[in-house]
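What TrEMBL lists as Mg(2+) binding site is A:Asp92, A:Asp94, A:Asp96. Marked as Zn(2+) binding site by TrEMBL: A:Cys93, A:Cys109, A:Cys116. Residues annotated as domain 'Phosphoribosyl-AMP cyclohydrolase' in TrEMBL: A:45-118.
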Protein chains: 2
Amino acid sequence: MFKDNEHQPEGFQLPLKEALDNLKYNAEGLVPAIAQQHDTGEVLMMAWMNRDAIEETLATGRVCYFSRSRGKLWRKGESSGQMQMLKALRIDCDADTLLVSVDQTGPACHTGRRDCFYWKADTASVTIDKTPIIDPKELYKK
Amino acid sequence: MFKDNEHQPEGFQLPLKEALDNLKYNAEGLVPAIAQQHDTGEVLMMAWMNRDAIEETLATGRVCYFSRSRGKLWRKGESSGQMQMLKALRIDCDADTLLVSVDQTGPACHTGRRDCFYWKADTASVTIDKTPIIDPKELYKK
């Protein structure tokens, strides 16, 4: 469905239900979702959504993932307090990846760093180049 | 290894080989790689890399993915001419996702659009809201 309509012009529309029926979920029923801060463009993290998580995110305006480790819906911030509010949810050309534009309160990363991508690689090594903005011990106290 | 060192300070370093040995590749030996335009912050696409693709990307400075459909290394732009030059390669806290900062020539998407995330979802529908910057027929002529 996505492929069949990839050359349609701007403004072309399909029902959400049909779109969600045609996402390319993996064997676990999940698609990767990239979270990007809406105003600064920072890529904060990547997590996974199932169909329920996508529908809840669109319905509530608060970003909900599917936690693979806990095997259930994960409303971002429910343990850390660091919520993500939805600005826009996008689907890519192959219908197998989501880009979620969000407004992230505080750190997105469980280490207390603003984003999860704090290891920078070069041809010889990987180096931590970001510092926590909140002590992670404080993050999961609540 | 990544987890054990997540509270290390900025500047903490590990050898690249050890880092690549400890990435959490999926069953096909791949990790997702998010490509972001280095100066504008646009999220352009998501693709997959195996260890060879990561090593080649770091060594050559030209972004190389692993094509799941073709089952081989895919030097971005080899058929379309629309290359990605590497600015930085980052690994996330869980060591299962890469963020690749790139300089993308022209469109990243095979449809001729600048990026792949041109379907915007709301509670009722999905809508195309981006127009190709190059006719896709021109893109694969070369």
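Here the Cβ of each residue, glycine as well, is placed from N, Cα and C on the backbone.
Any TrEMBL annotation is an automated prediction that lacks curation.
A map of TrEMBL features onto the structure.
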| residue | record | Cβ neighbours (10 Å) |
| --- | --- | --- |
| A:Asp92 | Mg(2+) binding site | 23 |
| A:Cys93 | Zn(2+) binding site | 20 |
| A:Asp94 | Mg(2+) binding site | 18 |
| A:Asp96 | Mg(2+) binding site | 16 |
| A:Cys109 | Zn(2+) binding site | 26 |
| A:Cys116 | Zn(2+) binding site | 25 |
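Assigned with DSSP, the residues of the domain 'Phosphoribosyl-AMP cyclohydrolase' (A:45-118) fall into helix, strand and coil as follows: 10 helix, 29 strand, 35 coil. Looking at A:Asp92 (Mg(2+) binding site) and A:Cys116 (Zn(2+) binding site), their Cα atoms lie 22 Å from each other. On the backbone, the CA of A:Cys109 (Zn(2+) binding site) and the CA of A:Asp94 (Mg(2+) binding site) stand 28 Å apart. Taking the Cα atom of each, A:Cys116 (Zn(2+) binding site) and A:Asp96 (Mg(2+) binding site) are about 22 angstrom apart.
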